[in-house]
Amino acid sequence: MSTAAENINGKSTDASQENTTTVTSAAVTNGTDSKKEVPLKQLFEQSTQYNHWRYTQSALNQLRGKVNQEAIATIRQNIEEENQQRVAQGLPRDDSTTSLKFLTVDEELSLLGFYERRMAQIFRYWKLPSYVMATAIVYMKRFFLENTAMDYHPKDVMLTCMFLARKTENYLMTIEDFSNVIKKPAESILDLEFLVCKNLRFHFTVHHPYRPCIGFFYDMQAVTDNMKRLQKMHETAIKFIDTSLHTDLCFLYQPSQIALAAIRLACKEESYEFERYANYKFRATESAAQMYDEILLPILLAIEQVLTDDPRCKEVEKSVATEIDKRLKMCKDPAKNPESLIYIKRKRTEPNGDDDDDDDDDEDRPSKRTRLGEDGFAE
Amino acid sequence: MATSTLTTTLFDDDVCPVCQTDRYLNPQMKLKVGPCFHKMCENCIERLFANGPAPCPTCRQTLRKATFSEQTFEDLSVEKEVRIRKQMSSKFNKRREDFKTLKDFNDYLETVEDLTFKLANEIDVETTKAAIDKFAAENRDLIRINADRLLNESRMATQRQEMLRKERQQQREAYQMELAAEQAAKNEDRRMLIQELATSDKSAKSILAARQAISLKKTSMRKTEVKPATTSSSLNGTSLLSDTYWRMQRDEEVDRHHEEDEEMVADSFDPVQSQYMDVDLGVGYVNSVNNNKAHAGGLQYPLLSSSSGIKDLYVEPVGVGSLSKVAKAGGYRLGFGYERAIEDAHTALFVPTLQS
């Protein structure tokens, strides 16, 4: 299965793309209305990724820090409540967790990085196009912007994100086959599915730098002198894009910018002349060159720096991950443990069961669908 | 179970061994065969087995009315063997794929034959039946799987046949409608010609000459559209069948020619030298416009490196086979892929980063 071909031909379009192309074609082909200027809106400006999932680095840090702190506070509170319950029932207090050091944001991130790479491994085994894996990784990143690893262990979320990404990118694998291959029960994967969708705000389409990279590859063919070196450079650029997935670049920059930066970096590595292409393309006029130098070049340099220097681009050692995992087990939230006392107490007082657990609905009604009366209306 | 009138005439001198009725006494007499392979006419079967199981008059085996079936072969021994084989095949339905070597498969087939022979000639019936039952019990799952497979295959085969039949029918109808339309057009033409001859005051010769010129133009136009000329043969009235056949042949040839042309062109593509490629992708496709103007509703790319707009053919990255074959799928243009990739490369390129 060829990655590039699937990249071009396989992906589904946003509905927004259809709208703007018909608008522009109407403007151009209709001779009588050619005087009316219909602005050619950038298609990307209508995507959810552009409108909802862009942050600054400081905003990201703040968001993650806040989530982490809130979770720690909740867990501490719940542990205290659990201990009170135990005392009330005559059991001894469980004070093993008072001196516990909860996970920091950095530790959570390295744990996530470890599981992201595991995901990448499994996708490589399945030999699917890169963008399916990329979508799964981005789902997981977005999920853990609003949740902490202490509440939902990354290894469960990882499976759900993989399953979901296969669905949204049109490489569906049924839950039976999936649980057979992954060797985990289907319920553990499906339980989290709705929660993940909710935290993604149901924005399932993710744009990756792969297709822009191929677009630049095509474009560079107009000014290349050595096709083979160009192709080699393109392969290296794709590898850089693969590493970029493990950083926060997808939240900070646009896919086309990341692709161009990857290409610039790959040109440096393969000693292919990038400036020739840049001059041809961006420095044709004074104003264009100015725009390039002021806006685009700093962005490219910033991305390149991340790709070369950021520690998250490197592999996470298994030992580090297991250590963090061990600590994670200790700081689990008692409210989520079905055997804890406060879980039982809360289950009893809540009328509809947990928000996140949508399987509870089955207990009230025998059939999931509403039953229709004789005249076709719901009873 | 075909018992048409044709087969019954073969059994003109049939006599029911039980009641000695022949066709003279009962013209609709039909002899049925029971599990013990003894024949009986339907009236006798009614009479004997109306009140449940009863012994066969010839061999005293207990039979029921339902176990009687029509006779398909004149020779009773053949009928018996066929019935045995049918029963066996429902149990012994292993296929070549279920065996590792050809020899194993052949050995299996030979054992099946042995058992069938024994059953058909009533040798060691008890032991044979026991062996069969044992086999059936051991391989129950495989038998079931193979039975399902067979069912699926037959279902798919009937579906395919159905689809083919429908397709052919549709094609036939389409061609017939086309011909009918053309015939109507011809008739209309002739009528107008006659009317013109009758009413106008130009000379007959000039009118006819004008008509000829128009019809010639029409035929030459149709030739370039890869449709066969019919007006030349219209006056002679060729037969329906040969016309449609000839048309189908013509279309096939055209497709083949376009295939060959396209492959040759893609191989000789040089990305550096050529500014612009004329790649004929087949009937019905038009080459994209040769400049930065919008094509197929696309956006303009003032930054695009190629001054001639998006090229028609690019070299693919390593690992991607030739995409020219993909382009042959109906409605798909190679350019779609290029356009999407290049569009994605250019959108949002100058979007500044968010400032906190």
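Cβ from N, Cα, C; glycine included.
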Look up region 'Disordered' in TrEMBL and report which of A:1-30, A:31-60, A:91-120 it refers to.
-> A:1-30
Over the span of the domain 'Cyclin-like' (A:218-297), count residues by DSSP class, listing helix, strand and coil in order.
-> 61 helix, 0 strand, 19 coil
Residue counts (helix, strand, coil, in that order) that DSSP gives for the domain 'Cyclin-like' (A:117-198) = 62 helix, 0 strand, 20 coil
